[in-house]
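A.B. asks: One structure is given below, represented as C-alpha coordinates, and several questions about it will come after.
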(Lines of atoms letter the chains of each structure in order from A and count residues from 1; the text may use other names and numbers.)
(Lines give C-alpha, C1' and ligand atoms only; values in the text may rest on other atoms or scores of the structure.)
Protein backbone atom coordinates (compact mmCIF):
# COMPACT_ATOMS: atom_id res chain seq x y z
CA UNK A 1 0.00 0.00 0.00
CA UNK A 2 2.82 2.37 0.91
CA UNK A 3 4.54 1.56 -2.39
CA UNK A 4 1.38 2.33 -4.39
CA UNK A 5 0.93 5.61 -2.55
CA UNK A 6 4.53 6.48 -3.35
CA UNK A 7 3.93 5.74 -7.03
CA UNK A 8 1.00 8.15 -7.04
CA UNK A 9 2.91 10.93 -5.29
CA UNK A 10 6.56 10.76 -6.35
CA UNK A 11 7.76 11.14 -9.92
CA UNK A 12 11.18 9.66 -9.04
CA UNK A 13 9.50 6.38 -8.09
CA UNK A 14 7.47 6.37 -11.31
CA UNK A 15 10.64 6.87 -13.35
CA UNK A 16 12.39 4.16 -11.36
CA UNK A 17 9.57 1.67 -12.02
CA UNK A 18 9.42 2.40 -15.75
CA UNK A 19 13.20 2.18 -16.10
CA UNK A 20 13.45 -1.03 -14.06
CA UNK A 21 10.70 -2.82 -15.98
CA UNK A 22 12.20 -1.72 -19.30
CA UNK A 23 15.62 -3.04 -18.28
CA UNK A 24 14.06 -6.30 -17.05
CA UNK A 25 12.28 -6.87 -20.36
CA UNK A 26 15.18 -6.06 -22.70
CA UNK A 27 17.64 -8.00 -20.53
CA UNK A 28 15.41 -11.06 -20.85
CA UNK A 29 15.35 -10.71 -24.64
CA UNK A 30 19.09 -10.43 -25.18
CA UNK A 31 19.90 -12.76 -22.29
CA UNK A 32 18.04 -15.61 -23.99
CA UNK A 33 20.52 -15.56 -26.88
CA UNK A 34 23.46 -15.23 -24.50
CA UNK A 35 22.32 -18.37 -22.65
CA UNK A 36 21.77 -20.37 -25.83
CA UNK A 37 25.20 -19.43 -27.21
CA UNK A 38 26.98 -20.24 -23.95
CA UNK A 39 28.24 -16.66 -23.71
CA UNK A 40 27.46 -15.84 -20.10
CA UNK A 41 31.12 -15.00 -19.46
CA UNK A 42 31.03 -12.54 -22.36
CA UNK A 43 28.11 -10.74 -20.74
CA UNK A 44 30.08 -10.48 -17.52
CA UNK A 45 33.13 -9.23 -19.43
CA UNK A 46 31.32 -6.45 -21.25
CA UNK A 47 29.51 -5.32 -18.10
CA UNK A 48 32.90 -4.83 -16.39
CA UNK A 49 34.69 -3.49 -19.46
CA UNK A 50 32.46 -0.41 -19.67
CA UNK A 51 33.84 0.96 -16.38
CA UNK A 52 36.67 3.06 -17.91
CA UNK A 53 34.19 4.59 -20.35
CA UNK A 54 31.91 5.53 -17.46
CA UNK A 55 34.83 7.05 -15.54
CA UNK A 56 36.07 9.08 -18.53
CA UNK A 57 32.55 10.32 -19.30
CA UNK A 58 32.13 11.37 -15.67
CA UNK A 59 35.42 13.28 -15.59
CA UNK A 60 34.68 15.02 -18.91
CA UNK A 61 31.11 15.87 -17.94
CA UNK A 62 29.59 13.80 -20.75
CA UNK A 63 26.66 11.40 -20.67
CA UNK A 64 28.07 8.07 -19.48
CA UNK A 65 26.13 6.21 -22.19
CA UNK A 66 28.66 7.44 -24.78
CA UNK A 67 31.79 6.34 -22.96
CA UNK A 68 30.32 3.07 -21.72
CA UNK A 69 29.07 2.02 -25.15
CA UNK A 70 32.42 2.90 -26.76
CA UNK A 71 34.45 0.82 -24.33
CA UNK A 72 31.94 -2.04 -24.37
CA UNK A 73 32.21 -2.33 -28.15
CA UNK A 74 36.00 -2.00 -27.95
CA UNK A 75 36.12 -4.85 -25.43
CA UNK A 76 34.01 -7.13 -27.64
CA UNK A 77 36.25 -6.40 -30.64
CA UNK A 78 39.39 -6.84 -28.55
CA UNK A 79 38.27 -10.23 -27.26
CA UNK A 80 37.50 -11.39 -30.79
CA UNK A 81 40.84 -10.11 -32.10
CA UNK A 82 42.90 -11.83 -29.40
CA UNK A 83 40.96 -15.07 -29.88
CA UNK A 84 41.35 -15.10 -33.66
CA UNK A 85 44.97 -13.94 -33.91
CA UNK A 86 46.53 -16.22 -31.29
CA UNK A 87 46.34 -19.68 -29.76
CA UNK A 88 44.49 -18.19 -26.79
CA UNK A 89 41.03 -19.70 -26.30
CA UNK A 90 37.92 -17.55 -26.06
CA UNK A 91 37.40 -17.77 -22.30
CA UNK A 92 41.06 -16.86 -21.70
CA UNK A 93 40.82 -13.89 -24.07
CA UNK A 94 37.70 -12.73 -22.25
CA UNK A 95 39.47 -12.92 -18.89
CA UNK A 96 42.50 -10.97 -20.13
CA UNK A 97 40.60 -8.17 -21.87
CA UNK A 98 37.86 -7.57 -19.31
CA UNK A 99 40.36 -7.64 -16.43
CA UNK A 100 42.51 -5.05 -18.19
CA UNK A 101 39.53 -2.80 -18.91
CA UNK A 102 38.18 -3.11 -15.38
CA UNK A 103 41.61 -2.36 -13.89
CA UNK A 104 41.88 0.72 -16.11
CA UNK A 105 38.45 1.83 -14.90
CA UNK A 106 39.48 1.50 -11.26
CA UNK A 107 42.60 3.60 -11.90
CA UNK A 108 40.55 6.27 -13.68
CA UNK A 109 38.06 6.34 -10.80
CA UNK A 110 40.92 7.19 -8.44
CA UNK A 111 41.46 10.40 -10.44
CA UNK A 112 37.81 11.44 -10.15
CA UNK A 113 37.06 14.20 -7.64
CA UNK A 114 33.92 12.52 -6.34
CA UNK A 115 33.04 8.83 -6.26
CA UNK A 116 29.32 9.23 -5.46
CA UNK A 117 27.96 8.97 -9.00
CA UNK A 118 30.48 6.30 -9.90
CA UNK A 119 29.40 4.29 -6.85
CA UNK A 120 25.85 4.38 -8.19
CA UNK A 121 27.09 3.14 -11.56
CA UNK A 122 28.91 0.26 -9.88
CA UNK A 123 26.03 -0.87 -7.69
CA UNK A 124 22.95 0.82 -9.19
CA UNK A 125 20.59 3.47 -7.86
CA UNK A 126 17.46 3.44 -9.96
CA UNK A 127 15.63 5.67 -7.46
CA UNK A 128 17.91 8.51 -8.57
CA UNK A 129 17.40 7.98 -12.31
CA UNK A 130 16.79 11.14 -14.34
CA UNK A 131 14.13 11.62 -17.00
CA UNK A 132 16.80 11.75 -19.72
CA UNK A 133 18.23 8.42 -18.56
CA UNK A 134 14.76 6.87 -18.42
CA UNK A 135 14.02 7.90 -22.00
CA UNK A 136 17.46 6.77 -23.14
CA UNK A 137 16.77 3.34 -21.61
CA UNK A 138 13.38 3.14 -23.33
CA UNK A 139 14.86 4.13 -26.70
CA UNK A 140 17.67 1.58 -26.39
CA UNK A 141 15.16 -1.13 -25.44
CA UNK A 142 12.97 -0.34 -28.46
CA UNK A 143 15.98 -0.38 -30.79
CA UNK A 144 17.34 -3.66 -29.39
CA UNK A 145 13.98 -5.47 -29.40
CA UNK A 146 13.22 -4.23 -32.93
CA UNK A 147 16.59 -5.44 -34.24
CA UNK A 148 16.19 -8.81 -32.52
CA UNK A 149 12.76 -9.18 -34.14
CA UNK A 150 14.21 -8.19 -37.53
CA UNK A 151 17.11 -10.66 -37.33
CA UNK A 152 15.28 -13.30 -35.30
CA UNK A 153 15.63 -16.14 -37.82
CA UNK A 154 19.32 -15.40 -38.38
CA UNK A 155 20.02 -15.33 -34.64
CA UNK A 156 17.96 -18.50 -34.17
CA UNK A 157 19.86 -20.54 -36.76
CA UNK A 158 23.31 -19.24 -35.83
CA UNK A 159 22.66 -19.83 -32.12
CA UNK A 160 21.66 -23.48 -32.50
CA UNK A 161 23.90 -24.53 -35.40
CA UNK A 162 26.60 -22.09 -36.65
CA UNK A 163 27.83 -24.60 -39.26
CA UNK A 164 24.39 -24.91 -40.82
CA UNK A 165 24.01 -21.13 -40.66
CA UNK A 166 27.20 -20.73 -42.71
CA UNK A 167 25.94 -23.38 -45.15
CA UNK A 168 22.82 -21.25 -45.65
CA UNK A 169 25.06 -18.31 -46.50
CA UNK A 170 24.69 -16.40 -43.23
CA UNK A 171 27.61 -14.30 -42.02
CA UNK A 172 28.03 -15.94 -38.61
CA UNK A 173 30.91 -13.67 -37.58
CA UNK A 174 28.87 -10.55 -38.36
CA UNK A 175 25.90 -11.91 -36.39
CA UNK A 176 28.19 -12.61 -33.43
CA UNK A 177 29.55 -9.08 -33.30
CA UNK A 178 26.13 -7.63 -33.99
CA UNK A 179 24.81 -9.51 -30.97
CA UNK A 180 27.76 -8.18 -28.95
CA UNK A 181 26.75 -4.66 -29.97
CA UNK A 182 23.19 -5.27 -28.76
CA UNK A 183 24.54 -6.80 -25.55
CA UNK A 184 26.66 -3.68 -24.99
CA UNK A 185 23.65 -1.40 -25.49
CA UNK A 186 21.58 -3.42 -23.01
CA UNK A 187 24.44 -3.43 -20.51
CA UNK A 188 24.79 0.34 -20.73
CA UNK A 189 21.04 0.84 -20.35
CA UNK A 190 21.05 -1.27 -17.17
CA UNK A 191 23.92 0.51 -15.43
CA UNK A 192 21.86 2.87 -13.29
CA UNK A 193 19.28 0.20 -12.50
CA UNK A 194 21.46 -2.63 -11.20
CA UNK A 195 25.00 -1.30 -11.71
CA UNK A 196 28.04 -2.75 -13.42
CA UNK A 197 28.61 -5.41 -10.76
CA UNK A 198 25.13 -6.96 -10.96
CA UNK A 199 24.05 -6.30 -14.56
CA UNK A 200 25.18 -9.76 -15.69
CA UNK A 201 22.75 -11.31 -13.19
CA UNK A 202 19.78 -9.55 -14.82
CA UNK A 203 21.03 -10.67 -18.22
CA UNK A 204 21.53 -14.30 -17.26
CA UNK A 205 19.22 -15.28 -14.38
CA UNK A 206 15.76 -14.58 -15.92
CA UNK A 207 16.88 -16.20 -19.19
CA UNK A 208 18.27 -19.23 -17.34
CA UNK A 209 14.96 -19.55 -15.49
CA UNK A 210 13.05 -19.49 -18.77
CA UNK A 211 15.47 -22.07 -20.21
CA UNK A 212 14.36 -24.52 -17.52
CA UNK A 213 10.72 -24.12 -18.48
CA UNK A 214 10.66 -24.37 -22.28
CA UNK A 215 12.55 -25.70 -25.30
CA UNK A 216 11.14 -23.09 -27.69
CA UNK A 217 13.17 -19.90 -28.21
CA UNK A 218 10.22 -17.56 -28.80
CA UNK A 219 8.54 -18.75 -25.60
CA UNK A 220 11.86 -18.55 -23.76
CA UNK A 221 12.24 -14.88 -24.73
CA UNK A 222 8.73 -14.06 -23.53
CA UNK A 223 9.23 -15.89 -20.23
CA UNK A 224 12.68 -14.36 -19.66
CA UNK A 225 11.31 -10.86 -20.27
CA UNK A 226 8.41 -11.55 -17.92
CA UNK A 227 10.71 -12.84 -15.17
CA UNK A 228 12.98 -9.84 -15.67
CA UNK A 229 10.09 -7.39 -15.37
CA UNK A 230 8.61 -9.17 -12.32
CA UNK A 231 12.03 -9.23 -10.63
CA UNK A 232 12.40 -5.51 -11.29
CA UNK A 233 8.97 -4.66 -9.85
CA UNK A 234 9.28 -6.81 -6.72
CA UNK A 235 12.90 -5.78 -6.19
CA UNK A 236 12.01 -2.10 -6.48
CA UNK A 237 9.17 -2.62 -4.00
CA UNK A 238 11.51 -4.08 -1.37
CA UNK A 239 14.12 -1.45 -2.16
CA UNK A 240 11.65 1.37 -1.54
CA UNK A 241 9.90 -0.12 1.51
CA UNK A 242 12.98 -1.41 3.35
CA UNK A 243 15.57 1.07 2.03
CA UNK A 244 17.65 -1.62 0.30
CA UNK A 245 20.03 -1.34 -2.63
CA UNK A 246 17.72 -1.49 -5.65
CA UNK A 247 19.99 -3.53 -7.93
CA UNK A 248 20.78 -6.11 -5.27
CA UNK A 249 17.10 -6.49 -4.39
CA UNK A 250 16.14 -7.11 -8.03
CA UNK A 251 18.89 -9.68 -8.50
CA UNK A 252 17.91 -11.56 -5.32
CA UNK A 253 14.28 -11.71 -6.48
CA UNK A 254 15.41 -13.02 -9.88
CA UNK A 255 17.55 -15.63 -8.14
CA UNK A 256 14.66 -16.78 -5.93
CA UNK A 257 12.48 -17.20 -9.03
CA UNK A 258 15.27 -19.22 -10.64
CA UNK A 259 15.52 -21.62 -7.70
CA UNK A 260 11.75 -22.08 -7.66
CA UNK A 261 11.94 -23.11 -11.33
CA UNK A 262 15.04 -25.20 -10.62
CA UNK A 263 13.07 -27.20 -8.07
CA UNK A 264 9.58 -27.29 -9.56
CA UNK A 265 9.92 -26.97 -13.36
CA UNK A 266 7.66 -29.66 -14.91
CA UNK A 267 10.38 -31.29 -17.06
CA UNK A 268 13.70 -29.93 -15.82
CA UNK A 269 12.89 -29.36 -12.14
CA UNK A 270 14.98 -31.22 -9.59
CA UNK A 271 12.02 -32.53 -7.59
CA UNK A 272 10.12 -33.73 -10.65
CA UNK A 273 13.20 -35.46 -12.08
CA UNK A 274 13.72 -37.24 -8.74
CA UNK A 275 10.06 -38.25 -8.77
CA UNK A 276 10.42 -39.72 -12.27
CA UNK A 277 13.49 -41.67 -11.17
CA UNK A 278 11.53 -43.17 -8.26
CA UNK A 279 8.63 -44.13 -10.54
CA UNK A 280 10.96 -45.72 -13.09
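Including glycine, each Cβ sits where the backbone N, Cα and C put it.
I grabbed these lines from Swiss-Prot:
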type	residues	note
TRANSMEM	16-36	transmembrane segment
TRANSMEM	41-61	transmembrane segment
TRANSMEM	62-82	transmembrane segment
TRANSMEM	92-112	transmembrane segment
TRANSMEM	137-157	transmembrane segment
TRANSMEM	168-188	transmembrane segment
TRANSMEM	193-213	transmembrane segment
TRANSMEM	221-241	transmembrane segment
TRANSMEM	244-264	transmembrane segment
A.B. asks: Restricting to CB pairs under 8 Å, which listed stretch, 62-82, 92-112, 137-157, 193-213, is in contact most with the transmembrane segment (244-264)?
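C.D. replies: Per the Cβ count, the answer is 193-213.
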A.B. asks: Among 62-82, 137-157, 168-188, which stretch has the highest count of C-beta pairs below 8 Å with the transmembrane segment (16-36)?
C.D. replies: 137-157
A.B. asks: With Cβ-Cβ distances below 8 Å as the criterion, list the same-chain residues six or more beyond the ends of the transmembrane segment (221-241) that contact it, or say none.
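C.D. replies: Residues packing against the transmembrane segment (221-241) from afar: 2-3, 6, 13, 16-17, 20-21, 23-29, 31-32, 126-127, 193, 202, 205-207, 209-210, 213-214, 247, 249-254, 257.
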A.B. asks: Find the member of 41-61, 62-82, 92-112 that has more C-beta pairs under 8 Å to the transmembrane segment (168-188) than any other listed stretch.
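C.D. replies: By Cβ pairs under 8 Å, 62-82 leads among 41-61, 62-82, 92-112.
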A.B. asks: Can you work out which residues elsewhere in the same chain, 6+ from the ends of the transmembrane segment (193-213), have a Cβ less than 8 Å from its Cβ atoms?
C.D. replies: 19-20, 23-24, 27-28, 30-32, 34-36, 40, 43-44, 47-48, 50-51, 54, 120-126, 129, 137, 183, 186-187, 219-225, 227-228, 231-232, 246-248, 250-251, 254-255, 257-258, 261-262, 265-266, 268-269
A.B. asks: Going along the chain, which residues at least six beyond the ends of the transmembrane segment (92-112) come within the CB cut-off of under 8 Å?
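C.D. replies: Residues 41-42, 44-46, 48-56, 58-59, 71, 75, 78-80, 82-83, 86, 118.
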